[in-house]
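What Swiss-Prot annotates here:
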type     : residues                                                                                               : note
ACT_SITE : CYS172                                                                                                 : active site, acyl-thioester intermediate
BINDING  : ARG69, GLY70, GLY71, GLN72, ILE73, THR74, TYR75, HIS76, SER141, LEU142, GLY143, GLY154, LEU155, ALA156 : substrate binding site
DOMAIN   : 30-212                                                                                                 : domain 'BPL/LPL catalytic'
SITE     : LYS138                                                                                                 : site 'Lowers pKa of active site Cys'
Amino acid sequence: MNQLIVRQLGVQPYEEIWHQMQDFTDNRNENTADEIWLVQHPSVFTQGSAGKPEHLLNPTNIPVVQTDRGGQITYHGEGQQVMYVLIDIKRLKAQGKDVSVRDLVTALEQCVVKTLADYGIEGYPKPDAPGVYINGKKICSLGLRIRQGRSFHGLAFNVNMDLTPFRNINPCGYAGLEMTQLKDYIAESEAQCDLVSPKLVAHFYNILGYNAQQIINK
């Protein structure tokens, strides 16, 4: 059985969840089910492993955390749906699925593209700049870390949030990159993380071919 466990964690501090992801990845074994963690974070900038300090344009009272995911600096805040994917890529390959790290990135991008399509919105990835875009504006950022063939970190999908803090950085290292969110395209009553997250999970589940799912609230 290829099971996917989905944990709904609510609003949690970034560093606490980050360290829990590291512990989970370090202590899992070949029988540990893959997991998705759905969470929102209080305001925080996170700097990826390739991050350059000059991409923080204006220091603020928002904390900056140096993390171990790929990529440059980004912002997390409430109203942004974060989906962390703790996936055993080695096991998927052993099951006959040709899944590389690039394939996992593509799967994450496609689950966002398909979720946007559910709302009648055309989103698309860029081959040279991971993430998902609408008319040149970025709505979803991606960053992964692979340790011993197992992934952690994931995607951050802007749903209904204050985008102002993004003005203090070059998002994902790109000067002048404009951010957007789902609320700009649909009714605010529909642009809610608890309505969007099941769509993200369902598309990810189908793209990677899981055949069982368990949902855990906190």
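Yeah, the Cβs are placed from backbone N, Cα and C, and that goes for glycine too.
Note that the structure is predicted; figures quoted are calculated from it, not measured.
Per-residue pLDDT, averaged along the domain 'BPL/LPL catalytic' (30-212), amounts to 93 for this model. In this structure, the recorded positions under consideration are ILE73, LEU155, CYS172, and the one with the smallest number of other Cβ atoms within 10 Å of its Cβ is CYS172. The DSSP secondary structure for the residue listed as 'active site, acyl-thioester intermediate' is helix.
Separation of the C-alpha atoms of TYR75 (substrate binding site) and CYS172 (active site, acyl-thioester intermediate): 9 Å, rounded to the nearest whole number.
Reduced to three states, the DSSP call for GLY71 (substrate binding site) is coil. Long-range Cβ neighbours of SER141 (substrate binding site) (same chain, at least 6 residues apart, Cβ-Cβ under 8 Å): GLY71, THR74, PRO130, GLY131, LEU155, ALA156, PRO171, CYS172.
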